[in-house]
Amino acid sequence: MRYRGRDLGGEGRVHLVMESTLTARDRVGVQDFVLLENYTSEAAFIENLRRRFGENLIYTYIGSVLVSVNPNKDLEIYSKAHMERYRGVSFYEISPHIYAVSDNTYRAMRTERRDQCILISGESGAGKTEVSKKILQYYATTCPVTDHLSTLRDRLLQSNPVLEAFGNAKTLRNDNSSRFGKYMDVQFDFRGAPIGGHILNYLLEKSRVVHQNHGERNFHIFYQLLEGGEQDLLSKLGLERNAQKYQYLVKGCCPRVSSINDKNDWRTVRKALTVIGFHEDEVEDLLNIIASVLHLGNTQFGEGKNGENQITTEPQLKYLSKLLGVDGAALREALTHKKITAKGEEMISPLSFEQAVAARDALAKAVYGRTFTWLVVKINQSLAFKDDVYNSSKGSSSVIGLLDIYGFEVFQHNSFEQFCINYCNEKLQQLFIELTLKSEQEEYEAEGITWEPVKYFDNKIICDLVEGKHKGLISILDEECLRPGEPSDISFLEKLEDTLGGHAHFVTHKLSNGKTRKAVSREEFKLIHYAGEVNYSVNGELANQSGNSVLSQCFHREEVTDQKRPETVRYTHTHTHTHTHTHSLICHLSVIIHPVKSIRRFDEALVRHQVKYLGLMENLRVRRAGFAYRRHYETFLQRYKSLCPRTWPNWQGRLADGVATLVQHLGYKPEEYKLGKTKIFIRFPKTLFSTEDSLEARRPTSWRGYRERAKYLRIRQAVIVIQSAWRGMISRQKARRRRHAVDIIRKFIKGFIYRHYERCPENEYFLDHQRFSFLMMLFRNPPKSVLDKSWPIPPPCLTEASEHLCRLCMRNMMRAYCRRIQPEWKKQMEQKVVASQIFKDQKDSYPQSVPKLFVASRLNSEEFNLKVIQTLGNDKVKYGIAVTKYDRRGYKARPRQLLLTSSFAMLVAEAKLKQRIDYATLRSISVSSLSDGFMVLHVPSEDNKQKSDVVLQCDHLIEVVTKLATMADKKIKVNMSQDSITFAVARGKEGVIDFTSGPELKVAKCKKGHLLVTAPKLNP
């Protein structure tokens, strides 16, 4: 069997099996801590992490355990190509990766038909949630696809924002820290396809509901509701959009975080609840409970008239009874009094102020904790695989569990929640060591290697200290909570000292010596865990029938009426959960992952702290108690056979004999190795390192040349094949194009010959081409303006269509042109149209007036006489121009102003109104066809108010007449005279104006008493 490198890196590098990287161990470290020479040194362990971290190699094995260093940046190692690379590959064949662990677990489940589990542990912010997401993503991508898978994937993904909203909070280490442990089962069918899921929550940090350290926040859902909730919803819940007004949200002094958008997260949560399958009434009840917790925090107590303790905030009590659906009087009684039952008798006594505050906070924590549990149950109902026939068949499905839980942590103030977390890690460490030893022993026995007992620290003594049936710390706490009288934190500590005083791993201030007494306060006790010493503080150690449907499912009536002595909530959560599921992990645990939190700069102190508390050195010591390296004979012989002449180039006998011959030639000492049934076991890493160095040094140059030449010949042959295929494809494409071109030319020629015939198969291509060419020509070069009258000549078959297109095109351009005209220019155009209708081809001076714009008035406002303006009153002057008026008798020229209003025209001499002419009485206007500026306004002679016709001369005759015609609504008749104009001088008398052509404009009175006007002819 020949070895092949299977893992191609993103830059084309080949990541070979673990042995291939040993030659670069000084730069990138070793991929398995078991191969560390100085495996007992914590400094060597951390230095190996540092080297790999510097090369962006964040994963390292400790046997079957994967250690991950959080890079806090995106690495291109999670693509679909990487998933396929690790799919179906042996665990140690390529570089360490989370996908290798996921695939190995999946294949173990399929082949062994046994349930598996992956444990994810680490500090807050280490990346545990991201690791679980990567595992689920791997299974969703690589497992067989089913119709149910897409729906399950959506619900799984949408469950994350819901659980994060209700179970995550901002801490000093992480802005989105999970404050609960999560165990999730992914159910697979007989084909290996995921078909369902189930989530179990552990150790919710309920104390965060009522208290947060400085710089931390409460659970996200409170801030999301206040920031993103609609105003009507907040009003209904009795809330204000200000987190500073709620006591449970201000203790951390951090209501807003720049990296968190609560408003957007609120929309995401509401959408996720709908996708998961929550009904509107359930969402409403859920939000009522969240609001009630905020109102509980604002519930205050004070001293009454008789000295008793009472509630002083009545609005909060009303909202609480409304939101929780409970009786207000009963709620008041429960918050201010306690009931003690002894020998069948009930005794009710009032609570002190401190007791009432503690009872209020306990109620808030209980309500929120049980609501969170109910939420997880609802999510599980949506993830469950609903097939009764399938579920009834035994052995039809397998499960892979993902346990995401806090690692061992120590804070400045360690409460009961932290005690539960560390106790759970104590049990997991015990389980881990036992499983490690068990797997090692099974492998040794299977290979026929003598098993040597391994000495290790057995933390069973610590577990018994916590969970002992009658003398354990939890049992003592249980008894102290249930005993009659007034139990207190100090009495609990005293009972611990009396019961556990002689235990080597239990220390209090009273029991400690002079050197260590200062490290333990009087209200603390110290436990010496496997990972270190931790001081725990003993400080701080109502739901009946409700109209709220969610709350009634969280609290059961039987819990109150049951006379049986119950287990405390502390004991239930700590002992039952931990014992039951660690016992199941003993049967089904496959691998454990320890993500190690770090920042982009490798923080050695932070890493050393976590290496200690995660128990990695103890893990490594147990793994290295026997043999550091083991490989199958075939793999070992294939890699190192060139070091021995008898095994090179091929070994023809049994594999075990070949390996024995090889190690004998290499000079292995008997204490350095053992030969099993199928594997070789090497005790010391230095033995393997020297073998690897010899392999690298003894590779001859000729062999390298031979290898490179073989590689060149393979590449050359591949290039020839590719070139041949490419040239053949290009030639076939050219031939196809040529045949197509010949067919087109033939069709075109035949169509040209039959172009004058009716449409037939011989000419249809040519006619279609003509149509297409003509239409494309119009499309590319249409007329650009309304004045462009050019239009291409269409083919005969498109004559009628061309005419329609021409008209449509012109209409479209005219419409577009009209839409672009400004109001001022439109008015100008309308006046020019009127002028054209009157004077075109009639007046000699008209062509010269066309390009000249008409103005609004030829007189400035300063030229109008103020008395005239006052005389006009409400009539506004629309147009004014200076004119010359000729008397009817004697034709004496007098300067005047012609003013036009909306209803009449008038002649003004200085401040006097000489004559008013209403448009309604104006019969017509007479002008000559020459270039003079004379016009006669004809008025009715029967009207006594009007004088006779008016003879005027001005420089802008066409403009004036157009304005008059426009203001009179085009009802005035304009007479165009060639030789003379007759006008009325007085009743029964007429005057005549004669017009003649001349070199220049002259006005004179002739012998006949006529007025003679000589004007130059501009258009001969």
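Note: Cβ is positioned from N, Cα and C throughout, glycine not excepted.
If you look up TrEMBL, you'll see 29-696 marked as domain 'Myosin motor'. The ATP binding site annotation in TrEMBL covers Gly122, Glu123, Ser124, Gly125, Ala126, Gly127, Lys128, Thr129. Here TrEMBL flags 843-1017 as domain 'TH1'.
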Checklist outcome for this item: The mean pLDDT across the domain 'TH1' (843-1017) is 86
Next on the checklist: For a quick check of packing: other C-beta atoms within 10 Å of the C-beta of Gly122 (ATP binding site), how many?
Outcome noted: 26
Checklist entry - What is the number of other Cβ atoms found within 10 Å of the Cβ of Gly125 (ATP binding site)? => result 21
Next on the checklist: Let me check the 10 A CB neighbour count of Lys128 (ATP binding site). How many other CB atoms are there?
Outcome noted: 28
